[in-house]
Amino acid sequence: MSVEPQLETDMIPAVVLMTLLWSTDLQAQSVSPPAELSVRLVNGTTSCSGTVEVFNEGEWSGLCTSWWSMMIEVRFVCRELNCGNPVAESGGPLLEDGRRRVILGGCYGNESSIRQCDIVRGGPGGCNGRTYHHVTCSESVRLVGGSGLCSGRVEVKSNQSWASVCEADFDRQDAEVVCGELGCGVPAALQGGLYGGGEGQTWDKEFQCKGKESLLLDCDTSDRENNTCLPGNAVGLTCSEPDDVRLVGGGSRCAGGVEWYDQGEWRIVGADDWNQDNLAAVVCRQLGCGSTVSVLPGNITRGNGASCSGSEPSLRDCYRMYDLLPGLTVICSDLLVQPDIFLTDPMGGVSRGHQEPEVFRGYSFTITCSTQPQYPGGSFLLTFTGSNRTQTQPAVNHSAAFLFPAADDSHQGNYSCVYDNYVFSHNFSSESELLSLTITASPLPAFIIRHVVVLLILLTAITTSYLYYKPTRRQKRVNRVSNMDLYVNAMEMVSLSSRAEAGPGEERAAQGTE
């Protein structure tokens, strides 16, 4: 028997095994480790959300921050991972797992990598009271070149690269979806070239959102009607700031204690004494409540602390921390709601024109001022443009009526109501819209119309009385006839009964007598 074929058969598995090991070793050598200080997000719901980790000295480390952090500061995370804008950011205690830490000293929002930020590489252990970051970035849309997180040129991710959107392919319903996806408020401005003309690629589809979609790429699209997009017409979008700040307990949306909606609940916002005025300025601006009138410190509480420069468009653009800080009550200048102004005419002397009301000359009219029941008291000042003539009345049940007995040409012009009230140790006022009034000649002389109105009133009263008393008299006659019939019937029954009791003889005698 030959031995050589058996040896060849035994050597085949060994050769295959050595080949596989050699191939695996080559693959392992070809996979290079991540670059130092690379960033990733772990334990998130998407590739653009999760806990931030940094590759540090051969291992992935948690990212610690200083006491203060802000959402705009973590833009570098979204940029480095080719995601969109930061949508949410939060901090929390870092678990002790023995890994080294990278401490983020500070970023300014324009960095493309953590390497451009101030960082400190720490040893194993915790963050010494600091917090670590959870970040959520948008996946497929972003705003570029704006002043904050809610403004900029619209860009959409296409094949892992970003493309500008042509103004003609984007409308307000599309903008509503983008603002919602980025965690902002409703669209405030939409215009081509508002934040630059755009560079590089241009999105080649037309969006057809209904306004209710949660993501822009969930919207329907269609081919562009014409294949040209004019240069410089990349659409720019400004969204209002998110509705995540409120003032409570002050009787107005523009007064009260500051609360911030964070991680599914409303939390008290605190600030150090030296920063309370700046924070209040940001809160009043974000709420559209004018400027700051006063800031009152509150009780020490654990919540969201904030530190602002005073120029930020919203509170989430400020630095924040989780610590014991005094809360604060903010009073903004637009404390009072805008009052209403309207015209009434008891004598029918007002004609509702196409654009403004007209009052007939010689007729009386009343201008009424009213406001919502925010605070008791106050007064209304009725102003007349083009004249120094004003009238003032106290607010009774939050309104006041100004009577004009007879209209003449001097009453023609623009009127407005100014509501004044003294609350929170300050004077506040709010002015209504203008009421434009035109005085015009009556189709008939005023005295004739007055007499006609009086005659109509008298005629109505007489007709009403007649219609009321006529059926009453008829009913009385019917009742009298009915009563007479009943009386006759009763007498006949009594007579029949008497004859029945008298018997036949008495009945014949009675008939003979008759």
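Each Cβ is built from the backbone N, Cα and C atoms, and glycine gets one as well.
Bear in mind that TrEMBL entries carry predicted annotations, made automatically and left uncurated.
Among the features that TrEMBL reports, signal peptide is placed at 1-28.
Marked as domain 'SRCR' by TrEMBL: 39-138 (among others).
For C107-C117 (among others), the entry in TrEMBL reads disulfide bond. All protein chains considered, the CB of C117 (disulfide bond) has 16 other CB atoms within 10 Å.
Annotation source TrEMBL lists domain 'SRCR' at 141-240 (among others).
Every protein chain considered, the tally of other Cβ atoms within 10 Å of the Cβ of C209 (disulfide bond) stands at 21. If you look up TrEMBL, you'll see C209-C219 (among others) marked as disulfide bond.
If you take every residue in the domain 'SRCR' (245-318) and average the pLDDT, you get 88. The annotation domain 'SRCR' is assigned in TrEMBL to 245-318 (among others).
Around the Cβ of C308 (disulfide bond), a 10 Å sphere holds 23 further Cβ atoms from the protein chains shown. Summarising the annotation, TrEMBL assigns disulfide bond to C308-C318 (among others).
What TrEMBL records for 339-436 is domain 'Ig-like'.
Sequence annotations record features per position, and here TrEMBL assigns transmembrane segment to 447-469.
Cα distances from C209 (disulfide bond) to the disulfide-bonded residues C107, C117, C308, C318 are smallest for C318.
Residue counts for the domain 'SRCR' (245-318) by DSSP state, with H, G and I taken as helix and E and B as strand, are 18 helix, 38 strand, 18 coil. Using CA atoms as reference points, the disulfide-bonded residues C219, C308, C318 were checked against C117 (disulfide bond), and the closest is C318. The disulfide-bonded residues considered are C107, C219; of these, C219 has the fewest other C-beta atoms within 10 angstroms of its C-beta.
Residue environment of C318 (disulfide bond) contains 25 other Cβ atoms, counted within 10 Å of its Cβ in all protein chains. Rounded to a whole number, the distance between the Cα atoms of C219 (disulfide bond) and C308 (disulfide bond) is 37 Å.
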